[in-house]
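Annotated features in TrEMBL:
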- 22-41: transmembrane segment (TRANSMEM)
- 47-66: transmembrane segment (TRANSMEM)
- 120-137: transmembrane segment (TRANSMEM)
- Thr151: FMN phosphoryl threonine (MOD_RES)
- 175-196: transmembrane segment (TRANSMEM)
- 203-220: transmembrane segment (TRANSMEM)
- 232-249: transmembrane segment (TRANSMEM)
- 261-280: transmembrane segment (TRANSMEM)
Amino acid sequence: MENKLYVTSSPHFRSEDSIERIMLDVVIALMPALIAGIIIFGIRALFITVLCIVFSIATEAVIQILTHKDVTINDFSAVVTGILLAFNLPVSIPWWIAAIGSIFAIAIVKQVFGGLGYNFMNPALAARAFLLASWPVPMSRFTVDGIASATPLAIIKGTESSCELPSLFNMFIGLRGGTIGEVSILALLIGAAYLLKRKVITLRIPLSYILTVAILTWVLGKNGLFTGDPLYHIMSGGLILGAFFMATDYTTSPVTPKGQIIFGIGCGVFTSIIRLYGGYPEGVSYSILLMNIATPLIDRYTTPKVFGEVKTNE
């Protein structure tokens, strides 16, 4: 007889909507950032995004056919993974690296563990981490005509001292170096507002995540205590993209409200540590992945005890 281990408390479903409806809402919410990416970086941003979607869908379908499982590509989850992976890539990335990332996200991170609902890490972020470790130079090249090749975080970190920081307004609308989907804060906030309106996500994880980064980067400033600029850290890198669209992933984040706040704070702490003291200027991906691993433990200690439950001695 097969035994299944559930690592989170009920309810395991957090919305009355179907998986297809939830994933479609996420796709819709990502469209403003995609449009902004195409306007800022050009038609190649669309090419990379479509390529990631196609390879994600194809990989999922092939694996499910080979393993004699129901083909579930119509639930839009592979589409979401493809878009989010593309959003985490520079527009200059070679197409074959984007394709490998898509295959890795679906085949290794998602399907090996049983498919949607069983993976313990966000597939798009795990694929980004894999690609960054395997091909660090093309994954860190942001040279595009009309756009600064250095990201604001690299400038703040001091690795690109010859460049000037863009204005907060330019960072807000997306005129800065970065990956396809992270640059326009305005577009991302429009999408986030849609998800909040549809009640697909709550503010617990994003708000606790962003506030933690703001507080720590302000207190632990480069020139001494309380000298940091939290606004630049909030609008730099992939913080907004990660906080609203990846840290809130149902499968890899805690179920309980208290657990979600702890999760967000943990993401913020790790992101700040990596940004301020690590060797790499950005820490969003690794921070969320680390907290993904901690999610079962967080749920275990934040799940309310059942009234009348008898504790057994082991």
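Each Cβ is built from the backbone N, Cα and C atoms, and glycine gets one as well.
Remember, it's a predicted structure, so these values are computed and weren't measured experimentally.
Packing around the residue listed as 'FMN phosphoryl threonine' is summarised by its Cβ count: 27 other Cβ atoms lie within 10 angstroms of its Cβ, all protein chains included. Highlighted: of the candidate stretches 22-41, 120-137, 175-196, 203-220, 232-249, 203-220 has the greatest count of Cβ pairs under 8 Å to the transmembrane segment (261-280). Tertiary neighbourhood of the transmembrane segment (203-220): same-chain residues 192, 196, 226, 228-230, 233-234, 239-240, 242-244, 247-248, 253, 257, 260-261, 263-265, 267-269, 271-272, 275-276, selected by CB-CB distance under 8 Å and a gap of 6+ residues from either end. For the transmembrane segment (232-249), the list of distant contacts is 26, 29-30, 33, 84, 87-88, 122, 124-125, 151-153, 156, 165, 168, 171-172, 178-179, 181-182, 185, 188-189, 191-192, 195, 201-202, 205-206, 209-210, 213-214, 217, 263-264, 267, 271-272, 275, 281-282, 284-285, 287-288, 291: same-chain residues at least six beyond its ends, Cβ to Cβ under 8 Å.
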